[in-house]
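K.L.:
Structure below; questions to follow.
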Amino acid sequence: MAENTIFTDVKVAVIGGSGLYALEGLQVLGEVNPLTPWGHPSDKIVISQTPHGTKVAFLARHGRGHYLNPSEVPARANIAALKHLGVEVILAFSAVGSLREEIAPRDFVIPSQVIDRTKGIRPSTFFEKGVVAHAMFADPFDTSLAALIADVAKTACPGVKFHENKTLVCMEGPQFSTRAESHMYRSWGCDIINMSVLPESKLAREAEIAYQMVCMSTDYDCWREGEEAVNVEAVIANLGQNSANAKNLLSQLIQRVEVALEQKSLKTVNELKGSMKFSGITDPAKRDGEACKKLAYILPGYF
Ligand SMILES: CSC[C@H]1O[C@H](OP(=O)(O)O)[C@H](O)[C@@H]1O
Ligand SMILES: Nc1ncnc2[nH]cnc12
């Protein structure tokens, strides 16, 4: 497999979470393992091509074999590496717990909002040490991508129930929640829970990449009476089917995303271009040279 090929025109990326460690049915062009200013990504990034010629980058969030815990995922290196490949759209997959009766295991959920319950131990910005910027994050995902995914799902995954417009709470982990926490998240209006959407989605925003997470329910966490509290065995029991459903979804979705990119119909792809230039607040005379050099890897010519 080609390892040294330089790719700069890979517009679409898929980040696979628990249970989704590879794509299928695509022609593999090569693998890359770039050393970004923030280190190496979670694993080698596999570059494939659809029958229509769309290049797709696939990255296993926890590494193939799942050796990185959620707090250890090198999210900055992951997003920086994808941006350097040319990525404009990330489709991120995640195994989640359900906080709602109507969201059953193996259902898919497209979140529109996020609540942060990570503990501040994950590096969560590219802008530090001499270049300060504040990205907008009121709407963490891309509503046009969300709509596209829901539309494709109707034909690609007819047997899978889809829930849209839901709120995802991201906890630190790696231990699962207590019952009191699970009830608290429900009282906050949260619908699903994972350990992965942050800082990944924030960093994608800073790198001006449109980002939508597709959540696949595996369990009812630990709030539901009469249901055993979540454990890894229960999660794993649903990962196989969820991963098969994700692959079916992707078999049609990638091509639709390519068309949408050509038609410039993806909301945040258009809105994000150039946005970070105007989010920077540091006086150019006061910007740190090293910090600027690192930022040039993802946003060349900005700082
Ligand atoms: C294996 S259960 C907890 C684990 O699963 C989810 O991972 P991902 O989002 O990468 O699919 C969750 O966020 C936790 O990291
Ligand atoms: N109950 C849960 N809590 C946090 N992350 C999860 N991923 C899958 N199920 C989960």
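Don't overthink the numbers, they just go from 1 along the chain as shown.
Glycine is no exception: its Cβ is also placed from the backbone N, Cα and C atoms.
Curation does not apply to TrEMBL; its annotations are automatic.
Take a look at what TrEMBL says about it:
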type    : residues                                  : note
DOMAIN  : 11-254                                    : domain 'Nucleoside phosphorylase'
BINDING : SER18, ARG61, HIS62, SER94, ALA95, SER196 : phosphate binding site
SITE    : SER177                                    : site 'Important for substrate specificity'
BINDING : MET195, ASP219, TYR220, ASP221            : substrate binding site
SITE    : VAL232                                    : site 'Important for substrate specificity'
COILED  : 236-263                                   : coiled coil
K.L.:
Measuring CA to CA, name the entry from the recorded positions HIS62, ALA95, SER177, VAL232 that ends up nearest ASP221 (substrate binding site).
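P.N.:
The answer is SER177.
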K.L.:
Could you tally the C-beta atoms, other than its own, that fall within 10 angstroms of the C-beta of VAL232 (site 'Important for substrate specificity')?
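P.N.:
Result for VAL232 (site 'Important for substrate specificity'): 12 neighbouring Cβ atoms inside 10 Å.
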K.L.:
Hey, what's the widest CA-to-CA gap across SER18, ARG61, HIS62, SER94, ALA95, SER196, the phosphate contacts in the record, in Å?
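P.N.:
Farthest-apart Cα atoms in SER18, ARG61, HIS62, SER94, ALA95, SER196 are separated by 12 Å.
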K.L.:
Where does HIS62 (phosphate binding site) sit in the DSSP three-state scheme?
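P.N.:
Where HIS62 (phosphate binding site) sits, the three-state DSSP reduction gives coil.
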K.L.:
To what whole number does the mean pLDDT across the coiled coil (236-263) round?
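P.N.:
Summarising the coiled coil (236-263) by its mean pLDDT gives 95.
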K.L.:
Same chain only, please: residues at least 6 beyond the ends of the coiled coil (236-263) with a C-beta under 8 Å from a C-beta of the stretch. Say none if there are none.
P.N.:
11-12, 14, 16, 18-20, 23-25, 50, 52, 54, 56, 88-89, 91, 93, 95, 105-106, 108, 144-145, 148-149, 151-153, 155-157, 160, 214, 216-219, 269
K.L.:
Given the binding-site residues SER18, ALA95, SER196, which one's Cα is the least distant from that of ASP219 (substrate binding site)?
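P.N.:
Result for ASP219 (substrate binding site): the nearest of the binding-site residues is ALA95.
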K.L.:
Give me the Cα-Cα distance between SER18 (phosphate binding site) and MET195 (substrate binding site), rounded to a whole Å.
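P.N.:
The Cα atom of SER18 (phosphate binding site) is 11 Å away from the Cα atom of MET195 (substrate binding site).
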K.L.:
Would you count the other C-beta atoms found within 10 angstroms of the C-beta of ASP221 (substrate binding site) for me?
P.N.:
24
K.L.:
Between the Cα atoms of MET195 (substrate binding site) and ARG61 (phosphate binding site), what distance do you get, rounded to the nearest Å?
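P.N.:
Approximately 11 Å lies between the Cα of MET195 (substrate binding site) and that of ARG61 (phosphate binding site).
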K.L.:
Largest pairwise Cα distance, Å, within the listed substrate binders MET195, ASP219, TYR220, ASP221?
P.N.:
15
K.L.:
What binding-site residues in SER18, ARG61, ALA95, SER196, ASP219 place CB under 6 Å from ligand 1?
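P.N.:
If the test is a Cβ under 6 Å from any atom of ligand 1, the answer is SER18, ARG61, ALA95, SER196.
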